[in-house]
Amino acid sequence: MWAASCLASCCAACACDACRTVVSSISRRSARIAYCGLFALSLIVSWILREVAAPLLEKIPWINQFNETHNREWFETDAVLRVSLGNFLFFTILSVMMVGVKNQKDPRDSLHHGGWMMKVICWCLLVIFMFFVPNEIVTFYETISKFGSGFFLLVQVVLLLDFVHGWNDKWVGYDEKFWYVALFVVSLVCYLATFVFSGLLFHWFTPSGQDCGLNTFFIVMTLMCVFVFLIVALHPAVSGSILPASVISMYCTYLCYSALASEPRDYECNGLHKHSKAVSTGTLTFGLLTTVLSVVYSAVRAGSSTTLLSPPGSPRAGAGKPLLPLDKVDEHKEKEKSKPVSYSYSFFHIIFSLASMYSAMLLTGWSTSVGESGKLVDVGWPSVWVRMVTSWATAGLYIWSLLAPILFPEREF
């Protein structure tokens, strides 16, 4: 017994030392990766609790307050939402704390990049504390998560638009026949995929003998947007290109499919998932990986963006340089501290707050069960409308990106 106790103490000490080593090795450059890792950890914890926590939550009186015990799926959903709420509060608090950080001389710059042991402890305490809050708070968080998830998707749309315009400008900038042919081939493939996929949508979601006017409306609206993209992009007055139009068309078609696939399983017009009980593990895993990758991409794009960063009043390297520096070393240190931050810390954390909401909706199938019927609905109409509105917002933002330089020629876009 004494030997076992000593062994356990040694293992615990080694684990603590290992954690300290890892935490202390996080540098300024790797801080964003560390935040991404913490977000990934929250997804893993949510996944594990989703599978094992239901029997434990049933025994907690302030959670299981019902006259009749809800089925297991309700408690699985509740566990995911509570972990997500803790993760959301963690990144939201950091975002509020980082508002107005303009240069590395600000003490909050060190807080953003350092103090990782304390951050991990605070994150754990926040997640644990969420299992002591009333069900009503979790219900409210679930409701706002649907809207937060929509904002997260819109952020991805903005980044996608920036990417495809940059991609097109790069290939056109080469001004060589090969790259023009490559641009045409990629655009043609995207359009072929769009129209073939649209045909499959009609086949899957407008079965014969059923009144599927809503699904037909969604698909036709998406196809109309595809044609509008092409017409506007090729108009002589618009400096558009066929590549961004084709990529955005394919993405809008995918969002339409995602929305239709989220319709209730017993809906007569959902021919794809009719009679299936839940989202497959493969689909859910793919969605989680996509979420992690999209958040990492969002963080990288936020870090490299010059629009969100460095306000006009921020110090610049070399600005305010003294005529007679007393000490070159001190001058160099002062310059380093006075450098503008390379990205918006507040915006960076907001991305993770919204992603926490989105991941909760993904893991629970955009559930509407908490505090209501007690029956988990893996998919439903809220997710349908969130995704369709995202698709229409994508279309609107793309059209605006083409028309804005014409409507406001004096502004730089």
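Placed from the backbone N, Cα and C atoms, the Cβ positions cover glycine too.
Automated prediction, rather than curation, is the source of TrEMBL annotations.
Straight from TrEMBL, the features:
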REGION    305-324  region 'Disordered'
SIGNAL    1-18  signal peptide
TRANSMEM  31-49  transmembrane segment
TRANSMEM  79-101  transmembrane segment
TRANSMEM  116-135  transmembrane segment
TRANSMEM  147-167  transmembrane segment
TRANSMEM  179-202  transmembrane segment
TRANSMEM  214-235  transmembrane segment
TRANSMEM  241-260  transmembrane segment
TRANSMEM  281-300  transmembrane segment
TRANSMEM  343-363  transmembrane segment
TRANSMEM  384-408  transmembrane segment
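Contact check: the transmembrane segment (384-408) against the transmembrane segment (179-202) gives fewer than three Cβ pairs closer than 8 Å, residues 6 or more apart, which falls short of the contact criterion. With a threshold of 8 Å between CB atoms, the same-chain residues lying at least 6 positions outside the transmembrane segment (79-101) that come near it are 39, 42, 45-46, 49-50, 53-54, 57, 108-109, 111-112, 122-123, 126-131, 133, 137-138, 141-142, 145, 341, 345-350, 352-353, 356-357, 359-360, 363-364, 370. Here the transmembrane segment (241-260) has Cβ contacts under 8 Å with residues 160-161, 164-165, 167-168, 171-172, 183-184, 186-188, 190-191, 193-194, 197-198, 201, 204-205, 215, 218-219, 222, 225-226, 229-230, 232-234, 270, 272, 383-388, 390-391, 394-395, 398 of the same chain, all six or more residues outside its ends.
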